[in-house]
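Residues annotated as domain 'Amidohydrolase-related' in TrEMBL: 12-310. Annotation source TrEMBL lists Zn(2+) 1 binding site at 14, 16, 99, 247. Here TrEMBL flags 16, 17, 18, 42, 136, 219, 251, 263 as substrate binding site. According to TrEMBL, the feature Zn(2+) 2 binding site maps to 99, 136, 174. Per TrEMBL, N6-carboxylysine is recorded for 99. For 247, the entry in TrEMBL reads active site.
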Ligand SMILES: NC(=O)N[C@@H](CC(=O)O)C(=O)O
Ligand SMILES: [Zn+2]
Ligand SMILES: [Zn+2]
């Protein structure tokens, strides 16, 4: 009898589904067993208002597999021009959060925010109407080393923002450093973070030692192993401030394997399987359910899912590529073996 693990059905609190024909690949992958997912709004052009969020949501729903109950949770993309009215209208339309992309920080962030302090009145309204602030936490200052950009963002932007806006719920997305884990642990109760599977499984040696591996390149960039260890400790600590967000971010193979490759790793095809591997390696499989299925909905003020999924220990080979909208994408761990799978 294979080892099995049954947990409350999980949700993904950070995913990129892209748009158009790409949804035919990304939505079924996300909907395999996640009940809900926070849909990142960094399309081109971005999802900036309620109308665009609802239209995007219906394009996602149109790509759900037959019988799927998968629920996309929509997010607004903050720009310098986002108004209090945009927030109120979006909240009334069911949008749950707004995303802060410092302008230029990551994929499709060109329309992002140049100075967050000028949006403080808008953030006040978010706190008032119960909309969360999701943050890509990196400075864009080119004089700051890429490996230090998350810590610099915490010091320069997040600490003052946290102090100025105590009643705003803030999720620091895809954290990559011990500094970020410490910030979240030490901040007020309205503070949480998502952690990706790849930041639990890898450090920058995996990306750079013995050859450059572009499919490990994502932002914020993988850090040294001491940071990886701090993330594993946070994710497996049982603290309700840390929960699952894959940051699965598909880019076509030729856009990754290029002289100037795009940032983002595709993990949605095997998300919970990859997390199970990381938690098992840490001797903490008993902590996976809280991280994957309880703490996210608790922080968002949503009900936990009531049904379950079962993982089983069984080797299987990851395909070399996955077809997406007339291109191929190379999933993280392409051609390698995974040791967990979701039982049917
Ligand atoms: N994580 C990434 O490296 N890329 C994401 C954007 C993001 O989440 O920062 C993408 O949209 O490709
Ligand atoms: Zn990001
Ligand atoms: Zn992301």
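Any Cβ shown, glycine's included, is placed from N, Cα and C.
Features recorded in TrEMBL, as mapped to the structure shown.
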residue	record	DSSP (3 states)
14	Zn(2+) 1 binding site	strand
42	substrate binding site	coil
136	substrate binding site	coil
174	Zn(2+) 2 binding site	coil
219	substrate binding site	coil
251	substrate binding site	coil
263	substrate binding site	coil
Integer Cα-Cα distance in angstrom, residue 42 (substrate binding site) to residue 247 (Zn(2+) 1 binding site): 12
Sparsest Cβ surroundings (other CB atoms within 10 Å) among the binding-site residues 14, 16, 18, 99: 18
List of residues, in chain order, with Cβ under 8 A from that of residue 247 (Zn(2+) 1 binding site) and at least 6 apart: 14, 15, 16, 173, 174, 194, 196, 198, 218, 264, 265, 267
Length of the line joining the Cα atoms of residue 136 (substrate binding site) and residue 99 (Zn(2+) 1 binding site), in Å: 8
Candidate with sparsest Cβ neighbourhood (10 Å radius) among 17, 219, 263, the listed binding-site residues: 263
Residue 17 (substrate binding site) to residue 99 (Zn(2+) 1 binding site) - Cα separation in whole Å: 15
Cβ within 8 Å of the mean position of the Cβ atoms of 99, 136, 174: remaining residues of the chain near Zn(2+) 2: 14, 40, 100, 101, 106, 134, 135, 137, 173, 247
